[in-house]
Amino acid sequence: MVMPGTWSYIRLDDHESSSKILTAVKAGQAPYVFAVMSDPQIKDPPDRFYKVGVVAETRPYNDDRAIVLGGLLRAEITKFIRVGEKGGGLWMVSLKKIEDENHDDYFVKSNQHVLADMIKIRDLLRSFVIRAEGSYLFDKRLLDLLLDNFENTDWGNKDAVDNFIWSTLHAVPDLLQEDKQPILESMSLPERIELCIKTIKKRLKLLEIQKENMSKDGKLIRRARKTEVDPRGDANKNDEDDFVKGIHVDIKKRWEQFKLIRDHMNEDAGDVIMEDLEKLKSLGSPQGNNYEWPKYMRRVDFILGLPWKEETVQEGNISKVAQILDEDHFGLVCEKDSICDQVAPKLLNPGSRGSIICLVGPPGTGKTSLAKSIARALNRKYIRMSLGGVRDEAQIRGHGITYVGAEPGEILKLMKRCGVKNPLFVIDEIDKLGQMSTSGDPSAAMLEVLDPEQNGTFKDHFVACGFDLSRVMFIATANQEHTIHPALRDRMDVTRLPGYLEVEKVEIAKRHLIPRLMKDLGLIQNNVEVAWEEGLISKIIRSYTNEAGVRNIERALAKILKKICRAYLKSKNEEEPVTKFNVTEQKVHEYLGPPKFTKDRVRPTKVGEAIGLAWTPVGGDILYVQVETYPRLQGKKVFARTGMQGKVMEESDEVALTLVRNRHPELSEKLSELAIHLHIPNGAVPKDGPSAGITIVSALESEITNKPIKFNLAMTGEIDLKGRVLAVGGIREKIVAAEGAGIESIIMPKDNERNLHDVPEAVKDKLIFHFVESIDEVLENAFPRDPA
């Protein structure tokens, strides 16, 4: 049966009606025909014809009794017309094109689901090709072509999805007409997708039955399953004895390994092992040009090497987990508490389908080391896979064995290497995982790994059988949450790790970095003592690093300690080696060079200038908003903005200007004669976001009223057109930056008062906070009171 968008070769019989069709096509008198299947349960036409079929283009073929049909579109019969005598004539039909129900909204909203279903169909087709190989004869060129073009298909296009479904039904051999007809008749794309998946699954089951009937006395499949009590006594043993007779020593060795673990393997894995062993047995030996031998032997070895039964005994003490996290990581109190909450269910029920932990934070904030600590606390083996730059789905799910140089995917490779089925598996840099490409969709493959509903039967293309990942504890890490694939993010519990404060970095350096570096560099082993000048580590952090984490701090400290290593080795050539070293600020300048960074210290603001607070990936910072007015010139901008402001910040500028104009109707004539220039210094640094709203209003108000803003005052907050002050993010980092810059007072939204609990008490005690809800309150607190 021809399908829309496909071509079929049809050989006609010697019936009179067939001869008339053949003559008409070859004479060019029947450019189109209506191809329809018939119900075998009904004898007489036209009742036996299904109502829905395919309008097809006709072409003659270089054969006396053959034509070629090209499917164009689906149609429904509205009327039958008999042409010619009964028994020898033809049936003509009136047709109505089948139009789908409107599923545009569904299709757009479910684009990811459609893609996932297409991948299911593709995987079923791959499985059919692999399982049919060597046991079921058919022309697989159509399936190979369909699979090769899969990655180049636009799955956001409804027609492309439909074409893939019709091509699948055309390419898979021996599908039952009772299964294809409902798909032809369906007027719903989602329904056709679902029916197609069910049809291919049904065909795969039929293939297995065909293979079982073809195999000699069916023993191949029976051996792969778990041994059961057999009323025939030693029949199974006799079959096994028959199998091992005369086989190569390498096959016999794998057979013995398989018998030891087959009770722990799933049914599919046992089937694949036995099929490959039977294949190897038929090949005889690896001698000569037997290029297939190593291919099947590698797969057998790999499957046998997977951890089907081995697992470690998990630690069940949640207090020990918390203790180890505290020992290994300073600060992050709330974050470590959240991790313990997510780990607790795994301790109560190690086999449960718990949520996936995703640690999100800037580089160097301890995401990977936290995962290592969790593994140590739970007594689980630790394995890690980095997804940075992964663009090929096969790197995760492997290649089918039919490919030259086929390899398993990294997931099962690492599982085999670790040797247990319940490790702690870190998926590093999940935000850098590639999206859909010509080499597949790695995000969809990773979805099968991380989704608790799917990973119990994770299928690598190389092994061609399911493997249970449900007992693995997965922890993902990412630098940015918004770049994680939405479907993956939906399946993970995100724990955000903020950047460290300076006081926390100092403690981390003292407690962890310096002792570890002293040991790694060999200073402790040689009894070398290093004393650091009071407050020096804090100065190193401020002057030589600018990051949220501690990687550059570690590099700076390592550079200093390497200089000390060199000095110690040099002194060993003298009579008494020096074992005590003092690190001073002068020595730091000598070792590290002049300071690389200078933190802004607050300076007095002039008229038209206000201090704002900003969040950056490496912490907080202060920024100045500057406004100048000048006579409006012909052809010049009325409102100029500079300083690399982003789109959101430019919108805040417009809202702020509107608010200030409405506050001063008496100055409307004056303002109409002025141009305004708004600038934010550090022009090479891009700036964006809504949190500078109240700062921009204050700077504009200052310029228009010619009044300076209070000294040592900074502010942050979004505004709306009605003058309300809205909450913003990054409060912890902004407040710490303000205190470090010498700010004494901060104006911030009332709704952000709850965020102060994240700020260290030592920082809060040095600041005065003004919590506001409207722009009137902002300006009341921003400007000095007029003398009475």
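Cβ atoms are placed via backbone N, Cα and C, with glycine included.
Here TrEMBL flags Gly361, Pro362, Pro363, Gly364, Thr365, Gly366, Lys367, Thr368 as ATP binding site. Annotation comment: TrEMBL describes 604-785 as domain 'Lon proteolytic'. Taken from TrEMBL, the feature active site applies to Ser691, Lys734.
Feature map: annotations from TrEMBL on the structure.
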residue	record	DSSP (3 states)
Gly361	ATP binding site	coil
Gly366	ATP binding site	coil
Ser691	active site	coil
Lys734	active site	helix
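The ATP site is defined by Gly361, Pro362, Pro363, Gly364, Thr365, Gly366, Lys367, Thr368, and by the 8 Å test on Cβ atoms against their centroid, the other residues of the chain that qualify are Leu359, Thr477, Asn479, Leu497, Ala548, Gly549. Of the listed recorded positions Thr365, Thr368, Ser691, the Cβ environment within 10 Å is emptiest of other Cβ atoms at Thr368. In this structure, the CA atom of Lys367 (ATP binding site) is 28 Å away from the CA atom of Ser691 (active site). Within 10 Å of the Cβ of Lys734 (active site) there are 30 other Cβ atoms, across all protein chains. Candidate binding-site residues: Gly361, Gly364. Fewest other C-beta atoms within 10 angstroms, Gly364. Per-residue pLDDT, averaged over the domain 'Lon proteolytic' (604-785), rounds to 91. Across the binding-site residues listed here (Pro362, Pro363, Gly366), the residue whose Cβ sits among the most other Cβ atoms within 10 Å is Gly366. Ser691 (active site) sits 11 Å from Lys734 (active site), taking the CA atoms of both as reference points. Neighbour density for Lys367 (ATP binding site): within 10 A of its CB lie 24 other CB atoms from the protein chains shown. Lys734 (active site) is 19 Å away from Pro363 (ATP binding site) when you measure Cα to Cα.
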